[in-house]
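J.: Can you read through this structure? Questions will come right after.
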Amino acid sequence: MIDTRFPSRKGQVLVLCAPSGTGKSTLVKSLRGEFAEVGFSISCTTREPRQGEAHGREYYFLSVEEFKTKRDAGEFAEWAEVHGNFYGTPKKPVEKMLFKGMDILFDIDFQGAMQLMETMSDGIFVFLMPPSYSELKARLEGRNTDSAEVIGRRLRNAMSEMASAPQFEYWIVNDDLDKAYSELRSIYLAGKNRPCTNPGLLESILSTWE
Ligand code: 5GP
């Protein structure tokens, strides 16, 4: 549902970034479940679908050639190579959702987030951290979705992902899922009250002055 109190409200961009296994997908699901006005950007990827994933729902699963063709045609708002696969955000759906005044949640890696910091500077950039390395390792091993080799690579990459945290506006430590969600929710809601998401609001109220 779009906020009809202020018809000129602009959709806000919320970027959530985290090392894989930090609990990002769960938080994304919770925010989308609670707020119908939060659209989600479905990315393209060259990685293999995991069990239960569907083309066009979690991702658009593309071959490397298909991905490169789209990338070279400028169809991505950002793209990056993550854990040995390509990932990219299709530009058009994002533009459409923002035009309709919907908010958009991006679940992307730090390289992509840094590209969006340049082009979507009004966005809210949140970095989610695990409480410790051992906790991250236990979570990745416990979810039983990836091979030992994939888990090893994701753990090695987590270090450089953590090193990007100072570029982000907000940090959330996921040591307790409910607390982490409540923090993300507060950041999202506070974003709705920024002047940049409400262009025209001040003017419309001032126009009522005698
Ligand atoms: P997974 O393969 O576990 O779904 O995602 C691996 C990583 O790729 C996650 O950190 C996820 O946020 C990131 N990712 C997913 N989609 C995109 C995208 O469109 N662009 C970028 N840069 N990263 C993405």
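Placement of Cβ uses the backbone N, Cα and C atoms for every residue, glycine included.
As annotated in TrEMBL:
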type: BINDING; residues: A18, P19, S20, G21, T22, G23, K24, S25; note: ATP binding site
type: DOMAIN; residues: 11-189; note: domain 'Guanylate kinase-like'
J.: When you measure from each Cβ to the nearest atom of ligand 1, which of the binding-site residues S20, G21, T22 fall under 6 angstroms?
T.: S20
J.: Fewest neighbouring Cβ atoms within 10 Å: which of the binding-site residues S20, T22, S25?
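T.: Among the binding-site residues S20, T22, S25, the lowest count of other Cβ atoms within 10 Å belongs to S25.
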J.: Where does K24 (ATP binding site) sit by DSSP, helix, strand or coil?
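T.: Where K24 (ATP binding site) sits, the three-state DSSP reduction gives helix.
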J.: Near the ATP site, what residues other than A18, P19, S20, G21, T22, G23, K24, S25 in the same chain have a C-beta no further than 8 Å from the centroid of the listed C-beta atoms?
T.: L128, P130, R139, N174
J.: Can you tell which of G23, K24 has the least company, meaning the fewest other C-beta atoms within 10 angstroms of its C-beta, among these binding-site residues?
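T.: G23, out of the binding-site residues G23, K24, has the fewest neighbouring Cβ atoms within 10 Å.
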J.: Using a 10 Å cut-off, grab the number of neighbouring Cβ atoms around the Cβ of G21 (ATP binding site), all chains included.
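T.: I count 24 other Cβ atoms within 10 Å of it.
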